[in-house]
């Protein structure tokens, strides 16, 4: 089957914004004007097409990135048909991992801002993520019909708060109740949308007389931004020659793609004004898959490889989201970077070295789905029924394996116990947690052997809050949550030799006898974590009992003598012992080994290790003193700070146990304007006072 839309006419874009900037309504209007949905969905009615989880409709917020395919040929049908894959991303700070996931598979983004609220804290976080992945973007200032709307104030905030080189492409005609439409600064015409047909048609009119002067000034600003794209245009512009519409648009496009400028449009999605012209800007200024650099990866032989956006290259795709669908089970959302795949084809998951068969492939339109037979470079689609794929895995041609930019998921560092409130919740909870763990590789579930409690572990407090919240809303499971627990570790600092362990019961009947002598020594933290060396000579312990000694020690490692935490970075040398022809058994040697291990561990200067987090705080300069003071109180080691005009980045290493409640404290110190990220860095010895308190608490 031939390609329907040439790849140059693809636009893979994200709609990204602070909560309540009207992002979902904007996405809805895109679907309406591109002809996908015939009744406009309103968030106010809980009927929006893009928000498809039940609780999203309840709360009017977006949690999962739904990917939708739409088509657009321009407001005046001036373009050939373009295919726009829209990824609606959450704007809530708690769902930043979702935003980050989708930023990886986008080519361009539309940043939606509220004309009243402007650039809010979460906008700054999303902006930094877009910078990280070098995503070209345009801005849409929404809610121009609201009281207090001020377009130019938001343009100014884009410059001062985000450091963006913001260049208006339009100016609003009127604002608040009098918002009529926009002036196209390239054409120098006012666009008025027809309210009778919900903005499906429009007219170009003359610019209102009282706006002419401002429009001239802003147009000069726009043309100058275009002229700066090349020396040739600059000479023409400085020589007083008029630049043509094509020259201006081509030059602006080049600068947007190079991430040098942000073009700003405006409107009111709710009032059906402006989204249409913003869609034209998506087509004219945002990149197609061929405008962005080839994606890099690692070939089978560990050399660096790459895949260009072409149907002729071998198939390579990145799975960026796993979602559970009530009707079909697992949906794996993936972005095709190169090649073609048909339903029925077998591909290889190069990260897990497993083959997968593409059964059914669907193109998602919010929560409706259309079955398709093939997908090609540039497409975003979902596969049903892939067995063993998680977020960040690469799916590729078995004859040309490549691993695209691997996503590493660190081990969880924080755990809480969850217990179902009722017997009915008990069964549902196991199922719910299993599903959620499958969707999110940074979340784990296990049962505590001693207490029988279900323990969930994740990357931080917020992470676990969301999981519990989703359990309640999606799976209707009510659960009680314990206090957060830090995952400590135990190890030793000095070597001890010739420590004996003897297990002997020989009073009548068949007895038990095992006897071992071991050395215990610390290992390098970068090493294997545990090693067992057998140096028994002359058969003083028969060979069949040696594995039992190893096993006896390994069982002790799960729960250390200090405070019952896992033991790491130790080596054991077994070099002497004795046995009894009749009474010795594997069990007896296992018990002897555990006795020897405990005795040796307690003599070897045991210490408690605590998880240290790498913390990066980004804050406006005026709060730096407060932020650093607070970090110091949390036993932080501040490694340095980098500043630009708008934000100071503070890097620190902080014990995880001191970071509980940090999100709330940081918010109150900085009026919500700072953000932070935290990831596990290493384990380090806990100070004596901290270790003593932890050990004491475990005894209770």
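Every residue, even glycine, has its Cβ placed from backbone N, Cα and C.
Going by Swiss-Prot, these are the annotated features:
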BINDING   17-24, 88-92, 142-145  GTP binding site
DOMAIN    8-290  domain 'tr-type G'
DSSP three-state assignment (helix, strand or coil) for residue 17 (GTP binding site): strand
Neighbour count (Cβ, 10 Å) for residue 144 (GTP binding site): 29
Arithmetic mean of per-residue pLDDT over the domain 'tr-type G' (8-290): 83
Neighbour count (Cβ, 10 Å) for residue 17 (GTP binding site): 29
